[in-house]
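Note sheet for the following structure.
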Amino acid sequence: MSGISELSGVTILYGSETGNAQDYALFLAKRLKYFGLKPSVVSLDHYPLKNLVTDTKYLIVICSTTGQGELPRNSKKFMKFILKKKLPTDLLNHIELTTFGIGDSSYPKFNYAIKKIHARLLQLGCSELCTRCEADEQTPEGVDGYYSEWETNLLEALKSKIHGIPLTYDETVLLPADNPVEVSSNESDVPTSNSPTELSLTRMGDGSTNLLLGSVKANKRITKEGHFQDVRHLIIEGENLSYIPGDTLALYPSNDNESVETLIQSQPHWIPIADKPLLIHGEIPFVEGGLIDKSKLTLRSLITHHLDIISIPRRSFFMTLAHFSDSTTEDGEREQEKLREFSKIEESEELYNYANRPRRSILETILEFQQNLTIPVEYILDLFPIIKPRLFSIASRPSPNSVELIVAVVVYKTILRRVRRGLCTKWIKSLQDNDRIVFSIHKSNLKFELPTTKYPPILMVSPGTGVAPMKSLIEHITSLGIQQHLYLFYGCRNKENDYLFGDLWASLKSQNKLSIYPCFSRDQDSKIKYVQHKIYEQHELVGDLILNQNAIVFICGSSGAMPREVRITLVEILMKFGKMKDTEADDYLMDMENGGRYLQETW
């Protein structure tokens, strides 16, 4: 492996569900480039695995942990490959490795993903470049505090290994674009016009993805008119669909025309070229769901379908944007310094207060600094993040011809008193009957399978739209005529306003197919406010189901307080009903997790 270049032999791989790990990877890559290195940076699943053997000398893996110790979706293929038993134990003995994990210590399997990856890579022969770091989102210093120390150690290790790395770097130097974009000078390349909807469908030409084409059958509000939350029951028709309860459906949203036009107008030099064809040089960034037809790619269509201009700007965004502020004026120099400040790890509080706390968008950031900003088209793929697909739990029993979703439309006011609308849910709300859409179906991490002989009870816990996979499971089991006891603990605000599918639950209850335990947190006459309280109210039933009847527990909903409180409540019930100590009860739940009897899907 002596032929591997020291400078280009650095590979940064990331596994990221929400974008945090990806941004740390991009930030680190830019830092290393300033030191003269030429790192590759890509998700774990999209790195050509043969390159680990041929092109990699120093391997850096940054990965978050999701759910119950799961790897992010874009790292599962990589893990499956490196776990192959036939791989020789000296396969990667030419590689020096370090890893950085992002996790939440309130979850039982804290940083489980990076531990598994790190351990397996060492088994395949990697040696350690510097010590693995496991960042904890729950600590006061947050992930940034861990990252700063780990990056310092990493840079020191690389400087000691690679000859000629400078001790410092000049952050004012603009590095060449990784994915340069230019406007085609060939007038014959001008694309024919397409409506945004029809243009989105050209993704279907990408044979590397499992895309499906469907049409909207219904898009109905199912919360009461006047209730603050608009929840949609979206029904999509398709062909040859294959899914089971627990699977998710990915949608590929687009930016609205008004936001796209606002961004273009903020950069006057973009206006005359907005609808001219683009040429992308070098490797095209990976776009999950496929790039729209490249022959129809213009600046406007690229922004509309692929550039995420509504998300909160991350550190790597500011690191690049600062270069495009005109520092020849006093205002411009001051603004450039402010943008650079937001890109520094040690100024994470400033970044949080400017971007995260008020949930300021990329578009708003550009508008705020636009007087002194001139963004070259060449750098747009280096500057803007790519729109990620949005995943929703499927809410219908398996059908080859249709699939249902329950979607809460995201609308809220920030501390700046500005109205925010979620990119995807705003798009979903606009969908009309018979609109054609592209989607894909993803298999569940839960590994939920119905037994073939004995059917243990299933205890389901879900507030709000978390009831989607429960509805899928309940309808599936009842349609098969299986005699299986189903218990649903469901929480919402009001019985009259947002008790989703209340009529369905009542009908199934009357047929003795479902035991339903609803609670309504905002109803005046409701003594039981939240699902964990309702569960404890039924502690004898729940204790008997878990300890005597081997019930499966299935929890779905928002991450954070709810799953933690439900787990604490179950520990209390096991202590009371099963006469256990707290450590014994906690171990019992852990055994249930490992045995597939305690399933949790949160976001």
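From the backbone N, Cα and C atoms, a Cβ is placed for every residue, glycine too.
Per Swiss-Prot, the features are as follows:
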- 10-155: domain 'Flavodoxin-like' (DOMAIN)
- 16-21, 64-67, 102-111, Glu137: FMN binding site (BINDING)
- 209-451: domain 'FAD-binding FR-type' (DOMAIN)
- Arg359, Arg390, Leu391, Phe392, Ser393, Gly422, Leu423, Cys424, Thr425, Trp603: FAD binding site (BINDING)
- Thr465, Ser521, Arg522: NADP(+) binding site (BINDING)
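Closest to Ser64 (FMN binding site) by Cα-Cα distance, out of the binding-site residues Arg359, Leu391, Arg522, is Leu391. Recorded residues Gly19 (FMN binding site) and Ser393 (FAD binding site) have their alpha carbons 20 Å apart, per Cα-Cα distance. Comment: NADP(+) site residues Thr465, Ser521, Arg522; largest CA to CA distance 17 Å, whole number. In the predicted model, the domain 'FAD-binding FR-type' (209-451) has a mean pLDDT of 92.
Using a 10 Å Cβ-Cβ cutoff, Leu423 (FAD binding site) registers 21 neighbours.
For the binding-site residues Ser16, Ser64, Thr425, the ranking by surrounding Cβ atoms (within 10 Å, all protein chains) places Ser64 first. The maximum pairwise C-alpha distance among Arg359, Arg390, Leu391, Phe392, Ser393, Gly422, Leu423, Cys424, Thr425, Trp603, the residues recorded as binding FAD, is 25 Å. Of the recorded residues, Thr425 (FAD binding site) and Thr465 (NADP(+) binding site) place their C-alpha atoms 13 Å from one another. Nearest in space to Thr465 (NADP(+) binding site), taking C-alpha to C-alpha distance over the binding-site residues Ser16, Asp104, Leu391, Leu423, is Leu391. Neighbour count (other Cβ atoms within 10 Å of the Cβ, all protein chains): 12 for Arg522 (NADP(+) binding site). When the C-alpha distances from Arg359 (FAD binding site) to the binding-site residues Gly67, Asp104, Tyr107, Ser521 are tabulated, the minimum falls on Asp104. Within the set of binding-site residues (Gly19, Gly67), the lowest number of other Cβ atoms found within 10 Å of a Cβ is recorded at Gly19.
Using a 10 Å radius centred on the Cβ of Arg359 (FAD binding site) and all shown protein chains, the other Cβ atoms total 16. DSSP labels the residues of the domain 'Flavodoxin-like' (10-155) in these numbers: 59 helix, 33 strand, 54 coil.
The 10 Å shell around the Cβ of Phe110 (FMN binding site) contains 17 further Cβ atoms across the protein chains shown. Under the three-state DSSP scheme, Thr465 (NADP(+) binding site) falls in the helix class.
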